[in-house]
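Taken from TrEMBL as is:
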TRANSMEM  7-28  transmembrane segment
TRANSMEM  40-58  transmembrane segment
TRANSMEM  86-108  transmembrane segment
TRANSMEM  120-143  transmembrane segment
TRANSMEM  155-176  transmembrane segment
TRANSMEM  196-220  transmembrane segment
TRANSMEM  240-259  transmembrane segment
TRANSMEM  265-288  transmembrane segment
TRANSMEM  309-334  transmembrane segment
TRANSMEM  354-373  transmembrane segment
TRANSMEM  380-401  transmembrane segment
TRANSMEM  421-442  transmembrane segment
Amino acid sequence: SAPCASSMAGLSIASCVAEFVGTYILVFTVGCNVLSGNPVWGGVSIACSLMVSVYALGKASGANLNPAVSLALGMAGKMDEGFRQVGVYCLVQAVAGICAALSYGLLFGEVFNIGPTRGYGWWQAMLCELLYTFMLCFTVLNVAASKKLAGKNQFYGLAIGFVIVAGAYGPGAVSGGCFNPAVALAIDISSWAQGFGWFFVYAAFECMGAALAVGAFWVVRPEEREGTDSPADYSLRSKLIAEGIGTFMLVLTAGLNVLTESKAAAFSIAACLMVMIYAIGDISGGHFNPAVTIAIRSSGRNIIDTKTAGLYMGVQLAAGLAGALTYAAVMGGVTFPIGPGRGFGWPGVSSAEFVYTFVLTFVVLCVATVQVAPAPELTGFIIGMCVTVGGLAIGTVSGGSLNPAVSFGIAVARALFGGTVYRGLIYMVIEALGGLLAAFLFQTVYPEEMAVGEK
């Protein structure tokens, strides 16, 4: 099995060198992408630098590479040598970041400052930093440090790295997308001549995100706080809170990508879905989408009962609305309508949303609900990439929602600022029908699954 990426390593020269090397690679990659101007692929490059370093160095130091992550692991009791180790790691990460910033400054002959993007206030940027540092620390705790998953999966690095794809584009356009006090410090110190001080604000909100992640981790996995063994099946409370967190982050990421006119919206939203499935899919099933819940409920086999399915959908819609109100707040009250793209009408929207919601829900049924999963380590990646498929294929036709919670959140947030809700309701019905078709075709394609389910 895979090595645990949290705290297998205590404090040693080896673990400190590993933290230095990994943090240097990360911050140097951030600087080079910013200064060479990579609006489409920059976020992916930075995310992959984190991913490869986590896989390369996880066994040596836990590959925290981020003071907020070290703080979260320390607060959750996952550091071998407690807060002493947290302090030393934070110091090493800070020094590595500053060295990397000096390096990219010398390479390019220029540096860049840290702070909210022009047009946004400090609190809008800090809300982004808090929420996506939360997402990063929450993912690390779940995939690399939890009793249930730590050391028992190979996807931990992929999940941790791709939080940056989710955060670099929409939220990154508001705050610069640090999500890491070592990155913030390095940028702030290297651009000393342009002003210094934003680091303290960024670091404070990033550390709040880390603390929030520990709280959420304890709520969805109560065994972590209570010191008991991880259960085979989590309580309904854990499941509903997990569904709420995942759906909230998904809708927030979708809205911020759209409103900042991100160059990689579909892939960023897909990354968010993938990360959330890896982090908490083992708790709730990782639906985050009423159409998925409808498909699973309608596919027979009693995987989820009707009452639980109803509660799931209620939580998903509420979390979708909360995510939409949050992106509206971050954007200063700006929202966007849901509906046909330029040059398209409702017949086009209906067919587009129907086909690709079918694709998403059908793939979920085939890879995540069968007796023997075809690729258990890749399940989150496979399902997440359905959003890459649909988002790019029909984004210009219908927006590529593929999810009634997304449609509902977008429509209600728009209505509160002077739009109408009915378009969102039409989308929700179309998407639900896509989920029903998926259930029907799944039963046709996998009759042996139905036979097992009947017993």
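Cβ atoms are placed via backbone N, Cα and C, with glycine included.
Touching of the transmembrane segment (40-58) and the transmembrane segment (7-28) is concluded from the presence of at least three CB pairs under 8 A, sequence neighbours closer than 6 excluded. Residues 43-44, 47, 135, 138-139, 142-143, 148-149, 153, 155-156, 158-159, 162-163, 165-166, 168-170, 220-221, 234, 238-240, 242-243, 245-247, 249-250, 253-254, 257-258, 296, 303-304, 312, 316, 364, 368, 379-381, 383-388, 390-392, 395, 400, 403, 405 of the same chain lie 6 or more positions beyond the ends of the transmembrane segment (265-288) yet place their CB under 8 Å from a CB of it. A Cβ distance under 8 Å defines the sequence-distant neighbours of the transmembrane segment (380-401), meaning residues of its chain 6+ beyond its ends; these are 155, 158-159, 254, 258, 265-267, 269-275, 277-278, 281, 286, 338-342, 344, 348-349, 352-353, 355-357, 359-360, 363-364, 367-368, 407, 410, 427, 431. Here the transmembrane segment (120-143) does not lie next to the transmembrane segment (86-108) in space: the count of CB pairs under 8 Å, restricted to residues six or more apart, is fewer than 3.
Note: the stretches the transmembrane segment (155-176) and the transmembrane segment (240-259) are in contact (3+ CB pairs below 8 A, sequence gap of 6 or more). The stretch with the most CB contacts under 8 Å to the transmembrane segment (86-108), chosen from 7-28, 240-259, 309-334, 354-373, is 7-28.
Outside the transmembrane segment (240-259) by six or more residues, the chain places 128, 131, 135, 138, 166-167, 169-171, 173-174, 216, 219-220, 234, 265, 268-269, 272-273, 276-277, 279-280, 283-284, 286-289, 311-312, 315-316, 318-320, 322-324, 326-328, 330-331, 334-336, 399, 401, 403, 405-406, 409-410, 413 with a CB less than 8 A from a CB of the stretch.
Nonlocal intrachain contacts for the transmembrane segment (196-220), taken as residues 6+ away from its ends with a CB within less than 8 angstroms of a stretch CB, comprise 67-69, 71-72, 75-76, 113-115, 122, 126, 129-138, 141-142, 146, 175, 178-181, 184-185, 187-189, 234, 238, 241-242, 245, 280, 283.
Same-chain neighbours of the transmembrane segment (354-373): 281, 285-287, 289, 291-292, 294-296, 299, 301, 303, 379, 382-383, 386-387, 389-390, 393-394, 400, 402-403, 430-431, 433-435, 437-439, 441-442, 445-446, 449, 452, counting only residues six or more beyond its ends whose CB sits under 8 Å from a CB of the stretch.
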